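Colleague: Encoded as structure tokens, here's the structure I'll be asking about.
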Amino acid sequence: MDWFQQLGFLCFVFYTKTPYPEVSITLKQPNQFCFALNGKTRCITLHKNVNWPCVVKIVADIGKVQVKLIKKVLGLWPTFGTLTTTRNIQIDYWKCELLNSFDVTPNAKFLLFKYQQNLYNHVYPGRHIYIKANVNGQVVSRPYTPVWPLVETTEYGIISEDTLCLLVKSYPNGKLSRHLCSLNQGDLIEVSRPQGSFECWTSKTNLILLAAGTGITPMLPIIWNALHSSIKKYNITLLYFNKKETCIIWKKYLDQKSAAYSSRLTVHYILSEEENSMGDTKGHIDESVITKYFPTLNEESLNEHAVCVCGPPGFNKLCEK
Ligand SMILES: Cc1cc2nc3c(=O)[nH]c(=O)nc-3n(C[C@H](O)[C@H](O)[C@H](O)COP(=O)(O)OP(=O)(O)OC[C@H]3O[C@@H](n4cnc5c(N)ncnc54)[C@H](O)[C@@H]3O)c2cc1C
């Protein structure tokens with residue numbers, strides 16, 4: 001571990017030596033800083049107090065983690081403090097309370113949660129967490145993919161680094177999705193540690209993203225990271241399938257982002273239940289759609305592409321075909 005400081009902040013740098021390290025960071029007291037890397041927790045009693053949230057930068061490929069803590073009072077410290085404990089802990093779920101919820105389509109909501117403790121729980125693009133809640137006396141748990149808007153926006157207030165953001169579609173008979181979409185401010189859920197090992201998209205620079213409905217959720221962090229990568233220049237084509245135009249989640253953000261990165265991000269909206277006023281195809285995923293949007297794609301050129309698919313099981317099967 002390295003550390004350095006300036007008058008206003010101090011930075012810890014960890015070299016985990018494993019790609020995609022699991023990272024969670026807590027500030028238990030204004031001078032009690034704990035970090036869990038790959039399940040191993042260390043706590044530091046800092047020389048003086050710092051503010052929350054921290055700013056975390058991760059170079060996932062090489063496992064480097066940098067944590068910036070803002071000092072409460074300007075000044076140089078003679079030392080960062082003292083390392084107090086090292087132990088292995090296994091926290092399964094953390095409590096979160098709903099901060100706010102916003103309609104994004106007639107049946108999907110954008111939900112903002114705050115961890116009850118000062119916690120930064122890093123979820124890599126393409127990975128997910130489990131949400132657990134008590135629904136009418138029964139404990140229900142389902143996977144969800146944390147997201148954030150693709151563009152800087154104040155539409156949802158200021159979203160800080162430690163906010164957990166979910167896009168959830170409410171199904172008429174769905175146990176947990178209906179529960180989540182009917183939560184009130186301050187209501188509690190439980191959130192698991194990140195799950196999954198999805199990272200294959202980083203090895204290729206041409207990305208084909210096929211998403212249907214809320215299957216857009218894993219694509220949003222992938223798009224954001226791919227466009228903002230300082231290591232590689234990715235070219236992305238997203239085919240986004242929905243029933244109607246009103247079902248398209250965050251169309252305006254996707255349009256803004258593709259306008260800003262017109263040579264690197266192309267988005268096509270494909271609708272199945274109404275005529276397509278956006279000039280794209282009406283229909284479902286099939287070979288003709290793939291041939292239309294990727295005319296030069298063949299078995300050989302496919303090797304140069306990473307293809308990410310997410311939607312209901314029927315959609316995923318058709319994509320594989
Ligand atoms: C890795 C992963 C990540 C996910 N991320 C998200 C996410 O970010 N946002 C999100 O909204 N969902 C996401 N899901 C789906 C989510 O986990 C739940 O399956 C969904 O919210 C429905 O749960 P439920 O308890 O409300 O429905 P259940 O009680 O499990 O099912 C009740 C009924 O709802 C309908 N239904 C449930 N799921 C679907 C579906 N996928 N397609 C069509 N009909 C369905 C069916 O009619 C079903 O019979 C993800 C799933 C996976 C596997």
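Just so it is clear, glycine is given a Cβ too, placed from its N, Cα and C backbone atoms.
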Colleague: Starting from the FAD binding annotation in TrEMBL that includes Arg142, Pro143, Tyr144, Leu167, Lys169, Lys175, Ser177, which of Thr154, Thr202, Thr205, Thr217 is the extra site residue?
Modeller: Thr217
Colleague: Are there any residues at least 6 positions away along the chain from Pro143 (FAD binding site) with a Cβ closer than 8 Å to its Cβ? List them or say none.
Modeller: His128, Ile129, Tyr130, Ile131, Gln195
Colleague: Hey, does DSSP put Tyr144 (FAD binding site) in a helix, a strand, or just coil?
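Modeller: Once the DSSP labels are grouped into three classes, Tyr144 (FAD binding site) ends up as strand.
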